[in-house]
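These features come from Swiss-Prot:
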- CYS6-CYS21: disulfide bond (DISULFID)
- CYS8-CYS16: disulfide bond (DISULFID)
- CYS15-CYS38: disulfide bond (DISULFID)
- CYS29-CYS35: disulfide bond (DISULFID)
- CYS34-CYS59: disulfide bond (DISULFID)
- CYS47-CYS66: disulfide bond (DISULFID)
- 1-72: domain 'Disintegrin' (DOMAIN)
- 51-72: region 'Disordered' (REGION)
Amino acid sequence: EAGEECDCGSPANPCCDAATCKLRPGAQCAEGLCCDQCRFIKKGKICRRARGDNPDDRCTGQSADCPRNRFH
């Protein structure tokens with residue numbers, strides 16, 4: 001939702017302050033296929049295996065999201 005950096009629904013998430021819905025100090029992310037222990041996974045790590053003619057999807061190192069890498 002607007003103003004939230006992370007989903008504050010679960011107080012058990014070590015990356016997110018449940019009271020403020022903001023990332024804890026030093027955290028880059030709270031969840032996502034390219035987020036591990038509150039940090040972005042390094043560039044090039046496979047986050048989703050290839051299907052059909054599409055190549056493996058890989059983390060960018062700049063986001064917790066796993067981008068879709070598709071042939072055009």
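Cβ coordinates are placed from backbone N, Cα and C, and glycine is handled just like the others.
Annotated features taken from Swiss-Prot, shown on the structure.
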{"residue": "CYS6", "record": "disulfide bond", "Cβ neighbours (10 Å)": "22"}
{"residue": "CYS15", "record": "disulfide bond", "Cβ neighbours (10 Å)": "19"}
{"residue": "CYS16", "record": "disulfide bond", "Cβ neighbours (10 Å)": "25"}
{"residue": "CYS21", "record": "disulfide bond", "Cβ neighbours (10 Å)": "16"}
{"residue": "CYS29", "record": "disulfide bond", "Cβ neighbours (10 Å)": "21"}
{"residue": "CYS35", "record": "disulfide bond", "Cβ neighbours (10 Å)": "21"}
{"residue": "CYS38", "record": "disulfide bond", "Cβ neighbours (10 Å)": "19"}
{"residue": "CYS47", "record": "disulfide bond", "Cβ neighbours (10 Å)": "19"}
{"residue": "CYS59", "record": "disulfide bond", "Cβ neighbours (10 Å)": "24"}
{"residue": "CYS66", "record": "disulfide bond", "Cβ neighbours (10 Å)": "19"}
Practice problem: Identify, among the disulfide-bonded residues CYS8, CYS34, the residue whose Cβ has the fewest other Cβ atoms within 10 Å in this structure. | Solution: CYS8
Exercise. Would you kindly give the Cα-Cα distance separating CYS8 (disulfide bond) and CYS59 (disulfide bond), rounded to the nearest Å?
Key: 24
Quiz item: Compared by Cα position, which of the disulfide-bonded residues CYS8, CYS16, CYS29, CYS34, CYS38 is the closest one to CYS66 (disulfide bond)?
Solution: CYS34
Self-check item: Subset of disulfide-bonded residues (CYS8, CYS15, CYS16, CYS38) lying within 10 A of CYS47 (disulfide bond), CA to CA, in sequence order
Solution: none
Quiz item: Reported as an integer number of Å, what is the Cα distance between CYS38 (disulfide bond) and CYS6 (disulfide bond)?
Solution: 11
Quiz prompt | Stretch-averaged pLDDT - the domain 'Disintegrin' (1-72) | solution = 90
Self-check item: Spatial neighbour of CYS35 (disulfide bond) that is closest, considering only the disulfide-bonded residues CYS6, CYS15, CYS16, CYS21 and their CA atoms
Solution: CYS15
